[in-house]
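Features as listed in TrEMBL:
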type	residues	note
BINDING	B:GLY107, B:LEU108, B:GLN109, B:GLY110, B:SER111, B:GLY112, B:LYS113, B:THR114, B:ASP189, B:THR190, B:ALA191, B:GLY192, B:ARG193	GTP binding site
DOMAIN	B:268-281	domain 'SRP54-type proteins GTP-binding'
COILED	B:315-342	coiled coil
Amino acid sequence: MLKWFRRKFKKKTEETPSAEGTSPETPVQETSSPEPPPPETPSLATPVTESVAPSAEEAAEEKKLWDRFKKGLTKTRERLREGLAELFEVDRLVDQAFLEELEELLITADIGIETVNRLLEPSRRKLLLGEPLKVSELKRSLREEILRMLDLPTPPFPPEASPAVVFFIGVNGVGKTTTLAKVAWHLKERGFSVLAVAADTFRAAAIEQLVTWGERVGFEVIRQAQGADPGAVVYQGLEAAKARGVDVVLVDTAGRLHTKYNLMEELKKMVRVAGKVVPEAPHENILVLDATTGQNAVSQAKLFGQAVRLDSLILTKMDGTAKGGIAITVAHLFRLPIRFVGLGEKMEDLAPFEPRAFVQALMP
Amino acid sequence: MFENLSDRLEGVFQKLRGKGKLTKEDVERGLREVRLALLEADVNYRVVKNFVERVRERALGAEVLESLTPAQQLIKIVHEELIRTLGETPAPLDLGGPRPVPLLLVGLQGSGKTTTAAKLALFLRKKGHRPYLVPADVYRPAAIDQLKTLAEKVGVPVYDTQPSENPVDIARKALVEAKAQGRDVVIIDTAGRLHVDEAMMAEAAAIKEAVSPREVLLVADAMTGQDAVNMARSFQEKVGLTGVILTKVEGDARGGAALSIREVTGVPIKFLGTGEKIDALEVFYPDRLASRILGMGDVLTLIEKAQETFDLKKAQEFREKLRRQEFTLEDLREQLRQVRKLGSLQEVFGMLPGIGKKIKQIPFDEKEIVRMEAIINSMTRQERLNPRIINASRKRRIARGSGTTVQDVNRLLKSYEEMRKLLKKARGARGLERLAQRLLRAI
């Protein structure tokens, strides 16, 4: 195991290209998947005017996104694959030591202990009862189990409403503003008109950051001065969106630690205000999670979820070495589907999340 | 969310009470809890393994086996080992060498470098230094504006970085500029970078090469998970570090990443970022983080923070009163006023052992403090000193006077009574510890 640990560093640079080439499942999955339902396929989901987008273009676009997704996850996959490949090399019988190594692998991917235990519990029980369990069987059941945790019903994106109001929520520094810009770019590529609301009036220059992104990507930003009441900005933003008839409004909220009562109250208020301007808004509240975050993400999801209704997750910074396993735990515990994965700092560095592909990538 | 370690160990050893001596197996069960607690605190798997090994060695010695209070004994060993791992004593900033002394801040995106740079500048200014801030993040939109705004807020001059400049040139020129202006410390805020981004890591190394900083400080998020080891090792190998600043400590993250980072880099943790307010930066004390990782609160920080903000004389009076268990509504009012100066209530209560975890879930509105103060203001001095005399008619008068309702007055009196009871139990340091335990069991 130590070997694996050390090797991680050495290998990632030279192995990256070969991994792309030898990954046997992924291309197959891409072409022959019986039901390729990436959540963003705008068939029924999108407003009527947009739904006539040529499907070839859609497919090409999807492929582009898919490639990026694959590329971004390469490191993650390499890590886990190396570890798992070593483990699964010989189809031998599972023993205690094997389970322990597997546990280490899963925990170092930041999958929470509770989830890891649930994943390994059936195998442990079998082992205890003296039933023979082959490595290949364990692998299959593990993959299925993780998939079950991730495979959650994903409503269409953007939500079906006009305007559709989407809130970006999360603790400080997870990348809410950058992610919002990427989502805006993604939506614009698909032909939606987008408006952003700079409701982070707390952090110095947060508004400027969003405005700069707006210039780069090409979306309007509704803003007030720093220190303004975020509820008021939301109100003004949604009124503007209604007046201009835009399709989607993206609301950038200030980073807030989920343990701060006042800030959570402020968030609740913003959500209430949104609902007063546009019926049933916000239509989607996205919790933005940093892939490098550890077990605290569970607490984040829990407390944010107590304050406002959470609908989905976006996992950022997946282009590093963090495996983002906490997303599995959060998805599992709170039944929150992962919408997108952030894979870099450029506006196109965002990919729709595909559970099947994620698990496939993690478990070769 | 997480059970704290003391609870867990109590649970394990409770069953063994009255058993007399413990066996090796009993200790192993305790160690298993230690392991789980550390993993849930995000300490890296491998670091946990080594750590538990060290604890096991000591625990299987006479210390635990012969002890009458094995749980406490084991916690003590874990606590001591944690402190030893975190580095026994606080490590101050190294500001030696020719002036101005450059300090370099590096880290992942979103770890809080820019905010930390400003906090550090304020911290140094308060200590009588003449710091200078340098924004060298030319990549993230508006990052330069952010530091310039913050610099103004903390009253520290800032280098006028242009986004078109190269970060290495910026650092070099800023150093010259700082010298010309007679500044003595230069804090360079670099762009967030992924540790696997070779080009960006090379840039950080180049900045370091160009200005030879006295300190290269890794700014790391307390919420970081298992990947902290990879990140820290990479920064250590490719840039070279002299210290760590752990940010976002005021949340409910256990901060186990600190242990991982310390173990793989060997450099000391120097500061903790403890809030969004610009003065929320604290010198790092290993023993306090050790308590936190174990979920045992942080009384020392609280007292120290109080000393910094409070009128020292008043603080002493207050402590004296606590000791004598005289805690009147007048004192409560005084405390409310002080607390408002001190920062958010949650932050303050969060540092109290045992109470911290629960109080975070109690809705605490800052405006409530103002309301509470108004209610107390509407009482007569006699009422404040002896609340027992407050009858229904007095309550109505107080409510009218403070623009609140009788229910509000009742609520205040009730919380005051609860606080008094709490404090009564918490007499002396030993008492506090016992109180924490009792509370945890009761809650």
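Backbone N, Cα and C atoms are what each Cβ position is placed from, and that goes for glycine too.
Annotated GTP site B:GLY107, B:LEU108, B:GLN109, B:GLY110, B:SER111, B:GLY112, B:LYS113, B:THR114, B:ASP189, B:THR190, B:ALA191, B:GLY192, B:ARG193; additional same-chain residues within 8 Å of its Cβ mean position, judged by their own Cβ, are B:LEU105, B:VAL106, B:ASP137, B:VAL219. Residues of the same chain lying 6 or more positions beyond the ends of the domain 'SRP54-type proteins GTP-binding' (B:268-281) and with a Cβ under 8 Å from any Cβ of it are 86-87, 90-93, 112, 115-116, 118-120, 122-123, 150, 153-154, 217, 222, 243-250, 258, 261-262, 289, 343-344, 347. Of all the binding-site residues listed (B:GLN109, B:SER111), B:SER111 sits in the most crowded Cβ setting, with the most other Cβ atoms within 10 Å.
Per the record's binding annotation for GTP, residues B:GLY107, B:LEU108, B:GLN109, B:GLY110, B:SER111, B:GLY112, B:LYS113, B:THR114, B:ASP189, B:THR190, B:ALA191, B:GLY192, B:ARG193 show a top Cα-Cα distance of 13 Å. Counting every protein chain shown, 27 other Cβ atoms lie within 10 Å of the Cβ of B:GLY107 (GTP binding site). Within 10 Å of the C-beta of B:ASP189 (GTP binding site) we count 31 further C-beta atoms, all protein chains included. Listed binding-site residues: B:GLY107, B:GLN109, B:SER111, B:LYS113, B:ASP189, B:ALA191. Those with a CB under 8 Å from a CB in chain A, in sequence order: B:GLN109, B:SER111.
Each residue in the domain 'SRP54-type proteins GTP-binding' (B:268-281) has a pLDDT score, and their mean in this model is 91. Neighbour density for B:LYS113 (GTP binding site): within 10 A of its CB lie 28 other CB atoms from the protein chains shown. In sequence order, B:VAL106, B:GLY107, B:LEU108, B:GLN109, B:MET200, B:MET201, B:GLU203, B:ALA204 make up the list of same-chain residues 6 or more apart from B:ARG193 (GTP binding site) whose Cβ falls under 8 Å from its Cβ. Broken down by DSSP into helix, strand and coil, the domain 'SRP54-type proteins GTP-binding' (B:268-281) contains 0 helix, 6 strand, 8 coil. DSSP assigns B:LYS113 (GTP binding site) to a helical segment in the three-state reduction.
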